């Protein structure tokens with residue numbers, strides 16, 4: 001069998017934060033290979049699949065991944081040798097069964113995911129297809145709207161902003177290439193505005209600027225100014241999006257935000273004010289991962305006006321997503337491959353979301369590599385949205401460049417999601 005897995009190798013490498021992660025290389029009988037590298041998050045949900053670390057304080061502060069590498073070279077390779085790489089579902093089920101734990105803690109979700117993705121890449125190579133086409137079939141032609149994280153706060157930066165990500169979304173662009181240009185020009189304008197005001201232009205983990213500001217609203221004002229200075233119309237050409245990462249704010253049942261302890265209802269009141277004043281079309285993790293009652297109330301109040309994205313709430317887990325669907329919590333899900341740990345489970349979660357009318361956003365992690373799989377996955381699944389950081393740092397730009405290549409390859413068949421990818425909304429213009 002030409003597409004049988006013949007060998008698997010793995011290496012400990014570094015991610016964009018200088019922390020260890022791993023890569024796996026899968027080789028098939030016909031000579032095709034697939035290389036995959038896995039990311040790591042900073043603000044992680046409690047219910048994510050387990051990332052296996054060595055725990056040896058003498059190496060990388062205990063964060064080495066040599067045990068995960070050994071699991072790939074040993075039991076995983078033994079289990080998969082001779083299996084057909086074209087049967088992704090079987091490969092992933094074998095990995096899940098071999099691990100035998102609910103959260104992949106025996107072999108490590110990082111080890112399992114690296115092999116799962118590398119297998120898919122090897123299979124795509126074996127049949128002579130680009131990854132997005134191999135995974136998505138003939139109708140994979142939708143380029144996602146990028147949610148570009150240009151101002152960083154929270155766990156992604158050393159500053160005084162509580163909200164973790166302030167994003168721009170080029171909804172009015174006619175193509176992905178133009179969307180990327182819109183974003184790059186706003187990013188350049190934002191840097192100029194920060195310099196003019198004597199503010200820091202140092203960047204956070206995801207490439208966004210990380211200045212100290214008077215308030216979270218001041219960060220939004222900066223974005224509005226930068227959009228206008230770049231020659232674009234807020235709410236028409238470029239909209240805004242936020243990732244609050246509210247788990248990081250929760251202490252003793254209350255949200256500690258801008259120096260005050262707030263209830264879930266008070267947080268929702270705050271978001272409602274922001275929606276009235278700014279063209280915000282997406283709000284991620286506005287409340288904590290176990291605040292189901294708060295999420296239900298927030299969705300009832302705001303869900304018709306804004307995309308409410310569950311990241312820590314759902315952790316790409318179909319069981320948690322089903323709970324959200326059944327209880328009316330959120331209306332969109334962030335998809336992170338390493339939260340669940342295999343390609344098959346990731347795609348199954350996306351399918352469940354789509355069937356329930358939830359929107360899907362394919363996402364990077366704060367600790368990234370040069371791997372571009374999520375760009376192909378976004379096109380393959382017709383997700384319509386992607387989060388892969390700012391307009392600097394090569395591990396972020398790599399994904400954008402891959403999307404440019406895909407769009408060029410698709411030619412006239414390419415469709416840019418734009419505003420439609422985030423749903424038709426009457427976004428308010430600046431009303432302050």
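Including glycine, each Cβ sits where the backbone N, Cα and C put it.
Going by Swiss-Prot, these are the annotated features:
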| type | residues | note |
| --- | --- | --- |
| BINDING | 164, 336, 365, 366, 387 | (2R)-2-phosphoglycerate binding site |
| ACT_SITE | 206 | active site, proton donor |
| BINDING | 243, 284, 311 | Mg(2+) binding site |
| ACT_SITE | 336 | active site, proton acceptor |
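Mapped onto this structure are the features recorded in Swiss-Prot.
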residue : record                               : Cβ contacts under 8 Å, 6 or more apart
243     : Mg(2+) binding site                  : 149, 163, 164, 165, 167, 284, 285, 309, 311
336     : (2R)-2-phosphoglycerate binding site : 41, 311, 315, 316, 363, 364, 365
387     : (2R)-2-phosphoglycerate binding site : 146, 147, 149, 167, 334, 361, 362, 363, 364
Integer Å distance between the CA atoms belonging to residue 366 ((2R)-2-phosphoglycerate binding site) and residue 206 (active site, proton donor): 6
Site diameter for (2R)-2-phosphoglycerate, Å, by largest Cα distance between 164, 336, 365, 366, 387: 17
Neighbouring C-beta atoms (10 Å sphere around the C-beta of residue 365 ((2R)-2-phosphoglycerate binding site)): 27
Cβ-centroid neighbourhood (8 Å) of the Mg(2+) site, 243, 284, 311 excluded: 164, 165, 242, 244, 245, 285, 309, 312, 334
